[in-house]
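**Student:** According to TrEMBL, the record shows the following:
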- 24-66: domain 'RING-type' (DOMAIN)
- 205-247: domain 'B box-type' (DOMAIN)
- 269-325: coiled coil (COILED)
- 354-411: domain 'COS' (DOMAIN)
- 413-519: domain 'Fibronectin type-III' (DOMAIN)
- 504-735: domain 'B30.2/SPRY' (DOMAIN)
Amino acid sequence: MTAEMRRSSVAAVPIKNIERELICPICKELFTHPLILPCQHSVCHKCVRELLMLNHDDSFDAGSECSLPGSPRSRVPSPSMERLDRLVRSGSISSPGWRRGSVTPRVTTIPCPGCQHDIDLGERGISMLFRNFTLENIVERYRQAARAAVAIMCNICKPPNQQEATKSCMDCKASYCNECFKLHHPWGTPKAQHEYVGPTTNFRPKVLMCPEHEMEKVNMYCEVCKRPVCHLCKLGGSHANHKVTSMSSAYKILKEKLAKSIHYLISKEDQVRTQITELELLISQTEENGQLAERQANEHFERLFETLQERRSEMLRSIEQSRNRRMEQLKSQVEEYQGMLENSGLVGYAQEVLKETDQSCFVQTAKQLHVRIQKATDSLRTFHPAADTCFDEFVLDTSREETLLKEMCFGGVPDPPLIDLSQSKVYNEASICWRLADDHLPTDQHVLEYRRLVGPSQSPSKEDGEDGGLWRATDRVYGSNTIVNDLEPDSLYSFRVRSCRNSMFSPYSPEVAFHTPPAPVFGFLLSDKCGFSAERLVLNKRRDTVESVAGAAFLLAAERVQTGSYISLDYIIGDTGISQGRHYWAFKVEPHSYMVKVGVASDTKILEWFHNPRDTSSPRYDHDSGHDSGSEDACYEVSQPFILLTLGMGKLFIPKASSSTANPPASDPGNRVLPMPQRLGICLDYDSSRVFFYDADTMRCIYERQVDCSGTMFPAFGLMGSGKVQLEDFITAKRLTF
C-alpha cells in the first residue's frame, strides 16, 4: 500500500468522531499534558500526580493543593507545564509518597486506570515518563475542530486591536498575526530560522529528550520496554542488556503495522456495521427480555402475595370463629353461675317452688329442679371454664418459609466447577476433586455424577443401557471433593460435577474420563527389615518413600570398581507378599533418579540377593540392566522368578523382546527407550504367571512378561546412585483395604 493510500485511509476518519479516544480514564475530560505509562496507556499529568497522592495517602506540599470531591482537575492547581517539569526534574518537588531526608522508602506504584495493573514508576517517579506529544496534537486539533468559529488570537497585539493569529512559533511558544510575526522574526536574524506552524496553543519541543539523561536526545527504541531510549541508556543505563533498534527502523516498522491495521479495519467496515446492527439487535432483545423477566417476576410475587393473602384471610376467619364460639361458651357459663346466686336465677326459682303446699304439684316440679340444683352443686366442687382462653393452635411457625424466602436466588445460575485432574485419582475407589471459579459466589452443595463407558471387554458397557451407561449421582457434597466406591476394575469411567446455590443448579462441568486399574489395589508398605541397607537408603517414617543417598559408603565401594562393572543395586521390597489372585500397585519415580529398577521378585530370589551380597557386578549379570547384551536375550527366553524394569535419567528402558513376549512394539529398537511416565503401575496376575507394567495416568500397558510364580511374590525396588521412589497414597491408606 502506497503512502498516499495510507494518508487517504487515515484522513477518511473525521476528527470530530474520535472524542472517546481523547478522554482521560481518570478525570473523564480531554487529555491535558498526557503522560505515557509503562503499560502504554496515557493519563493526564495532573491525574497521575493526584493518583499517587490518593494511592499513598500523603500530602504534596508544592502549592495550595486540597482534596475536595470531584475530578483531579478541580483539586490540583494549574501551573505551567514547563515550570512544573523543571521543578520535578531539578528535585525541588519530590514525587508523592516520599520526602527528602525521610527514612521511609520511596514508593511510586500506582494502579493503571486503563488495564488495572500495578505500575512501578521507579526511583524518579513521574519524571521518568514521556509526554505523549502526538496525543496532545490530536487533542488540540479536536479542540479546534470542535470550537470552529473560535479563533486563536495573537499573543503580541493588545486589545482592543488584537488580531487573529496566523502562525505559531514552536521556538518562541507563542502565536502571531502576520505583522507581529514579521516584527519579531526579521529576515537576517536567528529568529528567522525558527520553526513555525499554523495557529495552535499546544507547543511541543522540537526534539524528544531522554527523561533519564536530560541532555540526550532519544535515538533508539527498546523492544523490551517498548519505549524510546538514548545511547547512554543502552551503554550503561537500565537498558544495557535489552534489545534495541534504531529510531528510524522502529518508526518504519510501527508505522507500517499501524497503517496495515487501519487499512484492514477500514476494509472491514461493512462487517463492522453488520456486527453493530447485530449488537443493537441484542441490546433491543436484552431490553425486551429484561422487561419480560420483570413482568414474570412480578407475576410470581403477585401469586405469592395472593396465596399469602388467602391463607391470611382463612386463618383470621378461623381465629374469629373460634373466638366467638369460646366467648359464647364462657358467657353461658357466667349466666349459669349467676343463677346460683340468692334471689336470682335458679336459686330464686327454687325458693319459690319451696313455697308450694300441694304435695303432688310440688313433687311434679321439684324432681326436675332437684336434678338441676344437684348439677350446679357438682359444678361448684369441680370448677372448669367452659372454653380455653389460649389460641396456641393458631400460632404459626414460619421460620422455614422465611428461610426459603430469604434464600430465593436472584444472582443467576452459578458457574460450573472444573474437575482437577492433578488432584483426582481413580483406583477401586475414585477420589474426585474439583475447583470453583475464582470469582464464584458461595455454593450450598455439589453433585458428582459418573457412568461407566467401557468395561473389561474394552467395549461399551451394556448393563446400563445402549448409550454407554446411565449417569449415577453421589450424595450431596458440601466440600470440593468426594469418594466414589465400588468401581469395576479395568473400566473407563466418565465423571462430571455441578454446583447448587439456592436450589439453582449450574451447568455440568466438562466430562473427564478415568480408567480404573486392571485388578484390585494391593496395599503394602516398604519393608525396613528384610535386607534393608540403612547406610545407603533413607526410608521415611510412613514407609511409603525410599531415597538412595550416594554417601561415603558409595565412594569407598567405588575404590574396588574396575572398568566394565558398576556398584551393586540397593534393594528394598514390600512388607506383604502375594500368593494368589490379581493385584495392582502404583508409584512415582523422581525424574532425576540415576537408576531405579522396579518389578516383582519371589521370596527365594530375594533371599539370594540379600544373603549373597557382592560389591560389584557385571552389566550382563542382571537380566534387565538396560544394556543391549546378548545374555539378556538368552535369559529372557526362560521364565524367571523375577522381572525388573529399568528407569533413570527421565527415561524408561524396555527389555529386548523374545519370541514369546506378547509385546510386539518392544521389538522395535526405536520404541525401547520411552519417556518416564509420571506414575508407573504394576499388575501381577499370580495365577497366570504374568506381570504387566502400565502408565498409571492413562492405564496404557507399556510392557508385559511371563514370570515364574513358584513362591510368594513381593514388590521389589532397586536403586543405584541418587534416586527416589514414592508409593501412591491409596496403597498405604488404611481406608483402602481390599
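Just so you know, glycine gets a Cβ as well, placed from its N, Cα and C.
In TrEMBL, annotation is done automatically, which means it is predicted and not curated.
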**Student:** Residue list, the domain 'B box-type' (205-247) vs rest of chain: Cβ under 8 Å, 6 or more residues beyond ends.
**Tutor:** 36, 38, 40, 89, 124, 127-130, 133, 170-171, 195, 253
**Student:** Which residue counts does DSSP give the domain 'Fibronectin type-III' (413-519) for helix, strand and coil?
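**Tutor:** Going by DSSP assignments, the domain 'Fibronectin type-III' (413-519) contains 0 helix, 44 strand, 63 coil.
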**Student:** For the domain 'COS' (354-411), give the DSSP counts of helix residues, strand residues and coil residues.
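**Tutor:** Here the numbers are 35 helix, 0 strand, 23 coil.
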**Student:** Do you know the DSSP helix, strand and coil residue counts for the domain 'B box-type' (205-247)?
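**Tutor:** Each residue of the domain 'B box-type' (205-247) counted once, the result is 7 helix, 11 strand, 25 coil.
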**Student:** Please work out the mean pLDDT for the residues of the domain 'B30.2/SPRY' (504-735).
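**Tutor:** Summarising the domain 'B30.2/SPRY' (504-735) by its mean pLDDT gives 76.
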